[in-house]
């Protein structure tokens, strides 16, 4: 088939070739233009785009004027037309962009040529040139002439522009414009490629986002490529240079081209959806994004949702430090036990007796289940025949659905499953844990379902049963938190290692990204795991927080009208990128053939031998005068190799999560003669390693990988550091049987193959079969990780549909354009819910009572009509009356407020711009800020609009915050469904829909209840003096109100919360719901304090029992 139709890469290039041919034709014409005429072409293209969509824009403006004064149904139709026209504008713009692509690409290519070939470019000065000259050294003004230099500072270094786009870069640029992923090898100039589609799409004025993996690159690239865009009158900024929620960041988003990191784009979106004033918003609509290192952002970072969290009153109330000694005791006992088991296993397996050997294999397997990372165990398993013997034992005990596995694990204190990232306490472990307490069931969850069932069968009065039930639930809640704390502490000790998954710096636990080796600033493990690690490391245990807003990067980037990306390594993940983002991967050919030599893996028996061989290879390469880049997978290994090199007297640089400040400088020097650089996987994404002629002659940059990573993509990224633009180079990986990947995923087949080949200590093995086995193990892990990311997305998709509804409604309220329509819809929904709840049961009395609570009106419907009409007719009748009542109350507020507003405006308009109007629902006073002039000119109508906005925003934020907490609890509790042979995701979808429906219904009722009871508070018979006082004090000027974001914090919450099914289910009875741990907003009452109800009992024995 590929011979007949060509392979995918060939078909992709065939599709793009016509565009490249047209660009070359256009370039011939553009080259002949003067510098001023070249800039003039940009203005012509911008106008052409606007002219193409001017009819639709005019129609939208006309519809927005028409919508005022229309009834509810007509308003909805008009706004639907507006939404449709806005989508049509975007689609039409894509058509015109394709038309002008050859000319736009030719303009930016020729601009690059002119900067490369001329020290200065002189053009007629515009206002933008004059503004640029104030803050940028590369532009100066001489009379009416703007002089652009061809050198400027980018990322702290002076750069001389010397780049012109190659043909393959024109291909890459076209692919990016089409909303695809361009895979380009390292050194092929991805940053320059991006200038083509960025320039073209920025001409629309809708904004282009260039997304990078770190703030150094976002700042550097905005400064490096910025002058090319600025020369043509486009504005460029970088969000990472400015504080969140600041005017400077707002301005950065309004620029034609905005650079920034993925996290900050996502967090700004969440902050915008917590804003209480339109002036707090920073982002525009999501138009077009180009994601640099797209695999890192959309795949690696997609496993960790973005979260904005805030303080919670019970945040300090934690048990980690209290139970730490108990857990340390269990961990220490397990270490001693497993060490002894290993010694006994070795003795028995050395015996000639087959039965003794079998017993030894069982002891070895038991030691493995208890402490799989024990270095002595790992070393022993690399000896001939040992691992294959243990794997056979494991197979025997896993047979028949692990019926006999308890014979292996009963002797242990806890069981570790590295593959599933879980730890489970055994009965023996629980006994040791509780040995310090008086209660043998101190750390055991009660069977709540059985206890409640037994209670229901008791023959006692209802009041006693209720009290007993409250006691059972309170006990379960306390014990559940206790068990959860112990489980997390156990995980912190058993599965997380310092200088591997995390580092401790400045008395803080900082997570290290497993893919890049970088510190993940601001990110914390979820579900108490981070606090557990803090307790383990004896640093300050931070307070727990509550989620206020959350989104996955996957769903954030799917909001863009058009999304594209570029990377050196995406082909291996092409399936995932298409499945989740509908992004096609196109492999762009290199400008020059790759001359790098990729050698077979060298496989050693132990890690010690492997590292010794790595050091010898480094010494040999340095003697040849070649630079060496050594890639490691953890901080610990980079430090080990550094110590070994120091012993040999070899100078070197280390780049890891602890030593990352001079990253760009170290990577830039990594190509010099005899330079040795040890780096975790963070090394050099986005930074080129350039070689001198002398180094090229010696053989180029040598890459040494000290371990295969779980992802083939990360290995390809490391190899790709060498061999840029046809340079010579080499790459090789050193692997041992003790490596993490080999230990977890190497099968019995590999172990027995090693034995057959007679693999002895000190020997090196280069074998195609083994290399393929390593690659198969990597594929297994990749599939597993894809499953985790897809699973996370499936859960977040449920959340996303709810988030869209809430955020759309919130945005309408914030902007105010559609607030009137949304309020009327809310009143209608409440009316419909009231009729639906009572009409079917013919409960007219219940309906009347609930109607007074919800809408504060008498029933306009008689009992006869209530029983004789259809539900739809009843809803319409009720809505008509509710609408009239609402309108009367709003008119009355405007009528009462306007005279006072008018007086303040007449006498103090020069002093005050805004005014606060107090409005109450009888329970609470809301101070509504509005523009003084507008309030006077609209006869008080603008006050009503501001009041509606404030109430809708208030009820949405309160309801959504509580809903997020309930959704978190639901997500954890549904995992038990898998033990009942049910699909947890399906249960989650059904339950979450019901939760959301109830939340919206309650939110609607709360909104309407406040609006329908609204009035301006007026004291009875006020004296003239009091009236004057109220006018001056109660109705006073108000400064511009802005949202205070300082009390919220951002974090990238680890996927850990989504992987806790096994441990939760293991410690919770089947069918029992996860305990609710309510986050309360009132002052905290101690459990031993007197109950505030006045009973004289302690709080824990009275109203505190069910908390």
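Including glycine, each Cβ sits where the backbone N, Cα and C put it.
It should be emphasised that the depicted structure is a prediction, and the values quoted were computed from it without experimental measurement.
Listed features, source Swiss-Prot:
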- 169, 187, 188, 189, 190, 191, 688: ATP binding site (BINDING)
- 1036-1066: compositional bias 'Basic and acidic residues' (COMPBIAS)
- 1036-1107: region 'Disordered' (REGION)
- 1091, 1093, 1102, 1103: Zn(2+) binding site (BINDING)
- 1097-1107: compositional bias 'Basic residues' (COMPBIAS)
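In sequence order, 188, 189, 192, 193, 196, 591 make up the list of same-chain residues 6 or more apart from residue 169 (ATP binding site) whose Cβ falls under 8 Å from its Cβ. For the binding-site residues listed here (187, 189), the lowest count of other CB atoms within 10 A around the CB belongs to 189. With a 10 A radius on its CB, residue 191 (ATP binding site) counts 18 other CB atoms from all the protein chains. Taking Cβ-Cβ distances under 8 Å and a sequence separation of 6 or more, the neighbours of residue 190 (ATP binding site) in its chain are 172, 182, 184, 292, 566, 567, 568.
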